[in-house]
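Visitor: My structure is below; once you've seen it, I'll send some questions.
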Amino acid sequence: MKHQRHTTLGFLAALLAVMLWSGNFIVARGIAGAVPPVQLSLLRWITAGIIILPFTFRIIIEQWKLIKQHIVYLSITAFIGISLFNTFLYVGGHFTPAINLAIIGTSASPIFATILAAIFLKEKVHFFKLTGMLLCFIGVIFLITKGNWLHLQQFNFSKGDIWVLMSALLFAIYTILVKKKPIALNGNAFLAVIISLGSLFLVPLLWVQNFFWQQPTTLNMHIFWIMIYLGAGASVLAYLSWNKAVLELGASKTALMGNLIPLFSTIEAVLLLNEKFYKVHVISSILIILGLFLANFLSIKSFTFKKKQI
């Protein structure tokens with residue numbers, strides 16, 4: 001019963017994270033032409049740091065000795081999950097069409113995370129988990145192609161796709177690293193520290209960007225409110241929820257929840273942009289939800305049953 005409660009908590013935490021990130025993908029693509037990728041990432045995380053540090057400063061001071069002991073681990077996690085992941089995604093968004101971005105961004109990371117979790121965390125890959133992963137993948141492709149598989153013929157691999165693919169791999173690695181977080185380190189303090197370190201690592205990347213990226217920056221009130229959303233919602237709250245889910249569910253099962261991002265993006269478009277909800281959305285929703293159920297619940301029951309038999 002206790003294990004099932006932890007599973008439900010982790011599921012809800014991951015659900016909140018992907019809901020927030022679904023809006024992030026829409027916003028990030030919308031302002032790609034206004035703010036260069038590294039600067040967009042830096043502004044996002046500085047905003048997140050301003051929001052979270054006042055609430056975690058005391059805890060960070062109390063756990064400073066523990067933080068110094070694990071500074072290498074924290075720096076690597078920050079560089080991969082904060083500095084590089086979002087920046088690579090934003091760079092990819094400048095060069096790749098929406099269909100490529102959606103297919104690679106939402107489908108590759110769960111697959112990478114499952115493979116890495118099996119290798120480095122020794123997480124078991126059960127039949128139900130593999131079946132669930134396949135159903136989620138089919139559901140995402142069905143949604144993106146609007147039920148017409150011939151649309152995949154329009155998929156042309158470009159340099160932007162490589163950036164997005166690398167960002168998916170980086171987020172999978174970050175998800176694995178979160179599982180290695182020291183138990184004694186407070187979750188809020190952990191996020192505040194990696195946000196701070198990740199922001200610092202972005203400063204030299206900003207200098208490098210200026211040599212290769214000649215794009216003026218547009219800053220206005222519209223961008224300001226977007227940064228508030230990215231900093232508070234898509235960064236602080238989403239990352240706290242995702243980290244909690246990884247600790248409760250495990251890396252591979254949490255990563256599968258990323259398949260819900262295009263589904264939530266569709267729902268948001270219907271509610272906020274008055275777009276229509278078609279039969280293809282219903283079918284893809286059923287496939288993705290069924291896949292998540294198989295991967296997150298049936299595999300747990302199967303494993304528990306086997307343990308009882310032993």
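Any Cβ shown, glycine's included, is placed from N, Cα and C.
Copied straight from TrEMBL:
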- 9-144: domain 'EamA' (DOMAIN)
- 42-60: transmembrane segment (TRANSMEM)
- 72-92: transmembrane segment (TRANSMEM)
- 98-121: transmembrane segment (TRANSMEM)
- 133-150: transmembrane segment (TRANSMEM)
- 159-296: domain 'EamA' (DOMAIN)
- 162-178: transmembrane segment (TRANSMEM)
- 190-210: transmembrane segment (TRANSMEM)
- 222-242: transmembrane segment (TRANSMEM)
- 254-274: transmembrane segment (TRANSMEM)
- 280-300: transmembrane segment (TRANSMEM)
Visitor: Mind checking which residues reach the transmembrane segment (42-60)? Cβ under 8 Å, same chain, six or more beyond either end.
Guide: 35, 67, 82, 86, 186, 188-189, 191-193, 195-196, 198-199, 202-203, 206, 227-228, 230-232, 234-236
Visitor: What average pLDDT is reported by the model for the domain 'EamA' (159-296)?
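Guide: That stretch averages a pLDDT of 86.
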